Amino acid sequence: MRNAFLNWIVFVFGIFGLVYLIIVQNDDFVSQIFGICVVSLAIFYFVRFEKELVKKIQQSTASLITFGLLYQYPDEAREPKEEKRVRAEKIFHDLALATIVTISAIALFYNLGWRDFWEDEHQVVSAAAGHYYTGEFFRWDWIKKDVMCADRTSECMYDRAWPHSWLIAQSYRLFGISEWSSRVVSALFMLLTTIGVYFFAKFFTENKNVALVSAFVVAVHPNLVIIGRYTRMYALFIPLFLLLAHCIFRAVSHKIHYGYALGAAITLGIGYFVHINILIILPAVLLFVIYRAATTQKKEYIALSVVGIMGLAALYIIAAFTSWFENVVGFFSFFGRNNTVYLEYVAGFPFPAKFGFAIMVLGFVGTARFLIKETLKHKLIYLYFISFFALFFFMYIGDRYASFMYTSPITVIFIVLAINSYFLFVDRIRPRVLKILFILALLINPAYVFYENRSEIYEGEGFGKISIAYASIAENIKPGEVIFGQYLRDYYLQSIDPQTPRISMLNNQSYSYQSFREDLARYESGWITWETRKRYHIQPEIRDFAQQYLTKIHGAEADASGVELYYFSTPMLPPTNNL
């Protein structure tokens, strides 16, 4: 009786620790360690003192949880399973993959067109529309219904990531122009990424279960889902990066494979036009080739190392004495920045960043020192070279503000490596029920984080509903009235008169209060608008003036639209001599 009571106490204690570990704040490292210790103590008690009980729980649970087949980590030492068991495992495996793809599709396509365009979506949509109407990547003016520059100068061009913009233009031809048709390209490529991650992880880890869990984690990663619902090039950039990494490894893993080398060259070329950050893979691959040359002494690797080093030297000389690479060199700071937030971006999912990075490092040490299978060892070390070099580069060398999107492909590779390391640990646990508990913790945590971030994913916390605020302008504007706008989102003003005068309030408070008053004096009435969250672009004097003298239609203290909108007419304004 006493043992049974003690067993229940320890069991409840262990469940408490597991739940605490799952729901605790991700940035609280001490609390994470506390949760890990509690679970570990409970596991140790049952494994050490209650082996028979563990065995009974294992047998009962294994018969009830058929999904447990997913978590059977392959072991070459095991005896071959019965044909029926293998077939059943394959069926459950295929069903699990289909379920993950379905989850990803739902997460990506749910209310895809409900949210207004936000941030840089506007310029991408404008360029795609320009190509749709003119065949070139001129930015489109939705009010004038023409390109922004009548003379079609290069200043109106927006050909950044033009392959992505071209795909959006094709979507417009199929589905018309809308928020949904603008984002469907990103959603499809992120869905392709979820599927691709499965095959990528399966190849590099040689473990179907790691591949499945990696695909699931990518499918519910809040930031990756946002990328898949965002009209930018990053959803295309990620699968191109993974494909390039795969092709390069296949090209140099044994003898030089010219077919994969050609595929890598084509992928690199397309990827460069999508995002310059794809070049980060080249120095990482060079380091891997040098490592292989040092460890194998093979002529192929030695030759590639020499060619790579000479190429770097040539690029350095060209950059030092010419202006050919000014744009690229401008992205290097050489320890001028300390963007340690990239550790959170890269390693912060599905584990807390410090724990995730630690388990990744342990996995690297274990792979380098103890993994016997050479082909698997080289695959994993190749990915570690890419991950560690890219993380170091973006933290200390790259001279750009930090953004999750810049390192999103590295995040995906990290997920594969971290989960592989986690499975290596779980495989050392013999009772199957404990394995299942650890895998459940791994699956529940990212699902819980996704649930907690659902509002940000689908509603865009902090971003305004521009269509609502701008509707007040479109429905009430009179001929001759002016619109003052800071980053005016003209997509939502397509119905107004093309001759409507517009004044840009610029950014970074570069539009002065004096210019504002002078421009106001030129018109009898009009509208003034900016996004509430971007009020820092507007000089305080202008904001105070609008609050004091003008009629507020939308914005803070008026509604939750997230867009400041004022109406003015001459009788409202104080004399201009009050400047």
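Each Cβ is built from the backbone N, Cα and C atoms, and glycine gets one as well.
What TrEMBL says about a protein is an automatic prediction, not a curated fact.
TrEMBL lists 164-318 with the feature domain 'Glycosyltransferase RgtA/B/C/D-like'. For the domain 'Glycosyltransferase RgtA/B/C/D-like' (164-318), the mean pLDDT of the prediction comes to 93.
Annotation source TrEMBL lists transmembrane segment at 5-23 (among others).
Residues or ranges marked as transmembrane segment in TrEMBL: 29-47 (among others).
What TrEMBL lists as transmembrane segment is 91-110 (among others). Here the transmembrane segment (91-110) has Cβ contacts under 8 Å with residues 66-67, 69-70, 187, 190-191, 194-195, 198, 208, 212, 215-216, 218-220, 225, 228-229, 450, 457-458 of the same chain, all six or more residues outside its ends.
The feature transmembrane segment is assigned by TrEMBL to 180-201 (among others).
What TrEMBL records for 233-252 (among others) is transmembrane segment.
Residues of the same chain lying 6 or more positions beyond the ends of the transmembrane segment (258-289) and with a Cβ under 8 Å from any Cβ of it are 161-164, 233-234, 236-237, 240-241, 243-245, 247-248, 250-252, 301, 304-305, 308-309, 312, 328, 331, 381-382, 385-386, 389-390, 393, 406-407. Taken from TrEMBL, the feature transmembrane segment covers 258-289 (among others).
The feature transmembrane segment is assigned by TrEMBL to 301-325 (among others). Among residues of the same chain six or more beyond the transmembrane segment (301-325), those with a C-beta under 8 A of the stretch's C-beta atoms are 252, 256, 283, 286, 289-290, 292-293.
Same-chain residues lying 6 or more positions outside the transmembrane segment (345-368) and placing a CB less than 8 Å from one of its CB atoms are 26-29, 32, 217, 221, 223, 377, 380-381, 384, 387-388, 390-391, 402-404, 407, 410-411, 414-415, 417-422, 424-425, 442, 445-446, 449. Per TrEMBL, transmembrane segment is recorded for 345-368 (among others).
Residues annotated as transmembrane segment in TrEMBL: 380-398 (among others). Long-range Cβ contacts of the transmembrane segment (380-398) within its own chain (Cβ-Cβ under 8 Å, at least 6 residues beyond either end) map to 204-205, 245, 249, 280-281, 283-285, 287-288, 291, 331-335, 337-340, 342-343, 346, 360, 363-364, 367-368, 371, 406-407, 410, 413-414, 416-417, 420.
Annotated transmembrane segment per TrEMBL: 404-426 (among others), in sequence order.
As annotated by TrEMBL, transmembrane segment applies to 433-451 (among others).
Tertiary neighbourhood of the transmembrane segment (404-426): same-chain residues 71, 73, 193, 197, 200-201, 204-205, 207, 209-210, 213-214, 217-218, 221, 223-224, 227, 232, 234, 237-238, 241-242, 245, 277, 342, 345-347, 349-351, 356, 359-360, 362-364, 366, 380, 383-384, 386-387, 390-391, 394, 398, 435, 438-439, 442, selected by CB-CB distance under 8 Å and a gap of 6+ residues from either end.
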